[in-house]
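Below is one structure; the comments refer to it alone.
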Amino acid sequence: MGPVDTSQRLARLRELMQERKVDVYIVPSEDSHQSEYIAPCDGRREFISGFTGSAGCAIVSMSKAALSTDGRYFNQAAKQLDNNWMLLKRGFENMPTWQEWTAEQAEGGKVVGVDPSLITASEARSLSETIEKSGGSLQGVQENLIDLVWGKERPARPSEKVALHPIEFAGKSFEEKISDLRKELQKKKSAGFVISMLDEIAWLFNLRGNDIPYNPVFFAYAIITPTTADLYIDDEKLPAEVKKYLGDQVSVKPYGSIFEDAKALSQSAQKKSDGDASTSPSEKFLISTKASWSLSLALGGEKNVEEVRSPITDAKAIKNEAELEGMRACHIRDGAALTEYFAWLENELVNKKTVLNEVDGSDKLEQIRSKHKHFVGLSFDTISSTGPNAAVIHYKAERDTCSIIDPKAVYLCDSGAQYLDGTTDTTRTLHFGEPTEMERKAYTLVLKGLISIDTAVFPKGTTGFALDAFARQHLWKEGLDYLHGTGHGVGSYLNVHEGPIGLGTRVQYAEVAITPGNVISDEPGFYEDGVFGIRIENIIIAKEVKTTHGFGEKPWLGFEHVTMTPLCQKLINPSLLTDGEKKWVNDYHSKVWEKTSSYFENDELTRNWLKRETQPI
């Protein structure tokens, strides 16, 4: 997608800024729940900038506009931003962060405005300090200025019905989960926990929704105290069976009343403090470090609130046995769907000489997936990319402008689905012609990185920050690298990107150790801008493993892969693999055949393709 002319939108925004005496205005990507993926009505940064990537921040002054994003989106942003915008490449030397750039624009006593519901309390404090050093000030602007510019064209807020997530898939009742949470509150001597993250609420109550594309969540807040459980959600979203399910253990309150109730809790806490300067720990409410600045302010700020890494996000990331079994099962079905798609695609392109574009491919894959048991929908927008488009890390093919799939070029497909028993995310890079030596070399180096993570053995307490280099080492030896993390946590019929764990250089990945039951993606890559891109992705489960010595008398961990989709034999250069790596590939392909071949008893085309692609190397 090319640039959108943002001139009129920026002009109107600057008029509103001037009326409110705001000199610089920040437009984050997130919604009021700090969601990575958002509903169309919350796509404010995309509306004002024209940039459609999932990560980034827009900053507008009276004379300039800047968009900051990370390495996954540099190419995309360069194509989508019009001449009104400058691109701030996150992580580049001699390139200011968006916070630093904002502070520069605020020099000389200027006011920086932001909707306080769209940034966290800790972000607000840090940003305020940075801006004050330059002589400016940060101000919360309650009325969102982008919404005013957007006007009647802004999409309506979703009001989809909520559904039960059966215990056979959840593995644990919501009553048990709330009981566990209350034990954590007791340990911290807290008055309660105010929950704002949508996937945490869905997980806690074993409910699923459809308010955000690809993410089975719903708009809600919750407050859990030692004796009460309040769910803030619009009443029309709750079918009778859900109300009956929640029973008298959960009080349902209007979604919009959360801030009023938070203020009441704040006032109650202040009265209990008997005039002391700060409330005692037993009277403080916990909020996640990802809760909004506006929610923190409603609760009375730091004197009444303790910001913590959410105990729910930790519990949710450690899957129980029912969730793990679901992840294994859905990846077998999903692997079969991908195998059928790749066999079909090769036959159409090579044998039938059919002309297909990238969207034709992604549409066909969704149709094949939809036939499988427990399928609900996709877990993200499929990346179907040919040739140079594969070098755009988060490429999105648009029906009117996408490329024809070239059988003589690399084809990268990154896709996933939501099933009732789990969430999938798989990337495969294929070639239907004769790959170049560089393409084979790059693919094989990336494969070696994937195998290094898959076969890693490490002591309890090791973080994903430490493991990240395992995947990059083979590329590093050649002076190559990739500008994205190696892996992210994956939800169980929830968000495909799930914290707090992952493999990469983000600070948070150094704070949380890999734990048995974590489900993580393993997805190294390599990208040559304008030429081709390689990425291979499997989903892995952390587990305890036996070692010969067990140094330190502590558990040692490793991984189990659950993705069951063949690698591309044509792109593997066996001479670059060790004997151990060749054995891994052969063992993996043997397992893929064992788990998925039965799906193709009556499909000779796919069965033959699968047999060929899983032959020993």
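Cβ atoms here come from the backbone N, Cα and C positions, even for glycine.
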Per Swiss-Prot, member of Asp425, Asp454, Asp468, Asp603 binding Mn(2+) 1 alongside Glu523, Glu537: Asp425
Pairwise Cα distance for Asp414 (Mn(2+) 2 binding site)/Glu523 (Mn(2+) 1 binding site) [Å, integer]: 10
Glu537 (Mn(2+) 2 binding site): tally of other CB atoms within 10 A of its CB: 22
DSSP three-state assignment (helix, strand or coil) for Glu523 (Mn(2+) 1 binding site): coil
Whole-number Å value for how far Glu523 (Mn(2+) 1 binding site) lies from Glu537 (Mn(2+) 2 binding site) (Cα to Cα): 4
Other CB atoms within 10 A, centred on Asp425 (Mn(2+) 2 binding site): 23
Coarse DSSP state, helix versus strand versus coil, of Glu537 (Mn(2+) 2 binding site): strand
Cβ neighbour count (within 10 Å, all chains shown) around Glu523 (Mn(2+) 1 binding site): 26
